[in-house]
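**Q** Annotated domain 'ABC transporter' per Swiss-Prot: 4-249, in sequence order, evidence recorded as sequence analysis. Summarising the annotation, Swiss-Prot assigns ATP binding site to Gly36, Ser37, Ser38, Gly39, Ser40, Gly41, Lys42, Ser43 and lists sequence analysis as the type of evidence.
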Amino acid sequence: MYKLEVQDLHKRYGSHEVLKGVSLAAKAGDVISIIGSSGSGKSTFLRCINLLEQPHAGKILLNGEELKLVPGRDGALKAADSRQLQRMRSRLSMVFQHFNLWSHMSALENVIEAPVHVLGVSKKEAIEKAEHYLAKVGVAHRKDAYPAHMSGGEQQRVAIARALAVEPEVMLFDEPTSALDPELVGEVLKVMQDLAQEGRTMVVVTHEMGFAREVSNQLVFLHKGLVEEHGCPKEVLANPQSDRLKQFLSGSLK
């Protein structure tokens, strides 16, 4: 059984179709990197998986359980069961490009927020878990700091700890290093590599070709809302079949 399965996902904005039937399947421990040019639909696809964006067609399954979707007035699909959506979202955590930490909360408070208020974990247990994950990503010493007083790399590592604190079955990363200064990228990629080596199931939208090649076991190249190529990262990157991917890599691959 797949941990995460997305079938024939479509999304449009007005008459512009951003996703034209994208499918993806991740087994336990898979690390899938999604690459592509700006505007290819990468981030939209990721955001549709947990309904931050509403798709217009397709199926989303987590551990074989299908997310129940019904058409809304605008034609987009919405959750038919809000409790199911909340439960599935807690098993499908997301790390955002711009961190999305609560500015009025400390690092520790950011990490315990969802376990306490969404999952109903006791505050004592949530704090113990938060301190564990903050230490795991190397920012235990910053637990009382507020986002404005942290570097971008520290904020993103706190965001990863926050995502881990709900004990997710699948982690989604939306260009987690693209908002960072170049010297801070490595510290975040190292945390992600460690998570991959632990056997975490991860779907990563990224421009970091080294990570895609060395850490992922699947690579997806999206172009204009369609999967142009999909396969073993080292093989796809070393021997691209499509002219579009060759052109993309000529400007991206270091």
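Easy rule for this one: first residue shown is 1, then count along the chain.
Cβ atoms are placed via backbone N, Cα and C, with glycine included.
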**Q** Quiz question: given the binding-site residues Ser37, Ser38, Ser40, Ser43, which has the greatest number of C-beta atoms lying within 10 angstroms of its own C-beta?
**A** Ser40
**Q** Other than its own, how many Cβ atoms are within 10 Å of the Cβ belonging to Lys42 (ATP binding site)?
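**A** Step by step: centre on the Cβ of Lys42 (ATP binding site), count other Cβ atoms within 10 Å, giving 25.
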**Q** What are the non-local neighbours of Gly36 (ATP binding site), defined as same-chain residues 6+ apart in sequence with CB under 8 A from its CB?
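**A** Correct list: Lys42, Phe221, Leu222, His223, Glu228, Phe248.
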**Q** CB neighbours of Gly41 (ATP binding site) within 10 A?
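**A** Result for Gly41 (ATP binding site): 25 other Cβ atoms within 10 Å.
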**Q** What is the total of other Cβ atoms whose distance to the Cβ of Gly39 (ATP binding site) is within 10 Å?
**A** 13
**Q** Around the ATP site formed by Gly36, Ser37, Ser38, Gly39, Ser40, Gly41, Lys42, Ser43, which additional residues qualify by having Cβ within 8 Å of the site's Cβ center?
**A** Thr44, Leu222
